[in-house]
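Enquirer: The structure that follows is given in the form of structure tokens.
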């Protein structure tokens, strides 16, 4: 009888433990509902690909796009909710993280229609491409919300591994293989450096891995001003710098941009910067709270080098994708100004707003490059000469996106930079803002040089690629034009309503 009662108690206790263990991930899963939608989309893609003999390509695009749109919708429905920490402190949900997650989802949603015709023309495997895009998006979203060092590293590697695979997706292309090799080697080295920095942070805080607990641990161990923290700061800055690609951590960027498939470059050029910026902001702001002067100085140096080197070297480029690679290095210098300013003078709000505009400007430019490259097979800047005479719509779209990247009024890029520089000026970053203004003028030069080529009408300057250019029917390239139209509109009109956008960002953050 006693044995029977004990056996029943054991079963009841075991059931309670099991239900508690099951309830925790089930309850916490509601905090990552947008990510769960993407996971479900990934599983659905895999199941259809593995079970169906006759694969309908349009279904793969539909499932991927629908997953992303549903994830955005789920994210918007929980907008401005109270901050929550889930999964035993590993993941944090707040307004700041959700804005960056929204930007990553927006990038991926625009990149998929941009890739449709390219994949069909190059006959690349579609399912794997979409799987890598969705998995990289998932990794970027988890990176934005990661609340401890281990989750940050795992999410970062999830994003990085998919990036390596995407950059080498055209296996028969020698340039793509070379770009992937460089990207993989430098990415592995930067990850090792980042983990080494994390180990110093872990040891100095007394064995803490959660970001806020690291601060408490540093106070308890009195190590917040120790040399170990400065070593951790240096190594972590180098590791994250690889993802942001500021100078001098930019060596991989031009080769990867030139060798990778153009839709992949479009995807990586924005998502990597958005995810890395979100992670860098939280790492610098929380664990290195007591070393703000040191990391401000480090980031100022990186921003100055990026703005000067990126824009000056871009002038000499003959490849459109390499030019945009160096342009992106300069652009990240402007974004770093917002990270340095922080939330004291609206730095975060202006940085997020500029990133929103940068996504539209950059993806719009790449949509034009994809469209032109599919019809001509060239990437040389000189081969764009006279494009306006053959395809005015494409030429005007490219010109507007480039002018917005350069920051000419009244386009979105101008107002984004203006507000970013104004926040930096109010924060006392006079030298940094002055460098930003000067390098913006330099960038206008090489953007205008391309626009001049586009608009030329003299026959002797029109290249054979443009002379033999044939615009296909609209229905054959409507997916690229869909992304192009959205990005061109976002690159031109929203700048006029800049103040409401900034106010929305500030109200959401604070």
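Each Cβ is built from the backbone N, Cα and C atoms, and glycine gets one as well.
Here's the feature list from Swiss-Prot:
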TRANSMEM  26-46  transmembrane segment
TRANSMEM  57-77  transmembrane segment
TRANSMEM  99-119  transmembrane segment
TRANSMEM  149-169  transmembrane segment
TRANSMEM  183-203  transmembrane segment
TRANSMEM  227-247  transmembrane segment
TRANSMEM  295-315  transmembrane segment
TRANSMEM  323-343  transmembrane segment
TRANSMEM  354-374  transmembrane segment
TRANSMEM  395-415  transmembrane segment
TRANSMEM  418-438  transmembrane segment
TRANSMEM  482-502  transmembrane segment
Enquirer: Within the same chain, where does the transmembrane segment (57-77) have neighbours whose Cβ lies under 8 angstroms from its own Cβ atoms, ignoring anything closer than 6 residues to its ends? I mean 6 or more beyond.
Expert: 33-35, 37-38, 40-42, 44-45, 48-49, 98, 101-102, 105-106, 108-109, 112-113, 116, 120, 126-127, 130, 133-134, 137
Enquirer: Could you pull out which residues elsewhere in the chain have a CB under 8 Å from any CB of the transmembrane segment (183-203), counting only those six or more residues past its ends?
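Expert: Result: 149, 152-153, 156-157, 160, 163-164, 167-168, 209, 214, 228-229, 231-243, 249, 251-252, 255-256, 287.
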Enquirer: Are there at least 3 C-beta pairs under 8 angstroms linking the transmembrane segment (149-169) and the transmembrane segment (323-343), leaving out pairs fewer than 6 apart in sequence?
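Expert: The answer is no, given that the two segments have fewer than 3 Cβ pairs within the 8 Å cut-off.
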Enquirer: If you count every Cβ pair below 8 Å, which range out of 149-169, 227-247, 354-374, 395-415 shares the most with the transmembrane segment (99-119)?
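Expert: Highest pair count goes to 354-374.
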Enquirer: Can you name the far-off residues of the same chain, 6+ from the ends of the transmembrane segment (295-315), with a Cβ under 8 Å from a Cβ of it?
Expert: 233-234, 237, 241, 246-250, 284, 288, 323, 326-334, 336-337, 339-340, 429, 431-432, 435-436, 439-440, 442-443, 445-446
Enquirer: Mind checking which residues of the chain, 6+ beyond the ends of the transmembrane segment (354-374), have their Cβ under 8 Å from one of its Cβ atoms?
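Expert: Non-local partners: 103, 106-107, 110-111, 114, 117-118, 121, 262-263, 265-266, 269-270, 273-274, 277, 320-321, 324, 328, 331, 334-335, 338, 384, 387, 394, 397-398, 400-402, 404-405, 412-413, 415-417, 419-420, 477, 480-481, 483-484, 486-488, 490-491, 494-495, 501.
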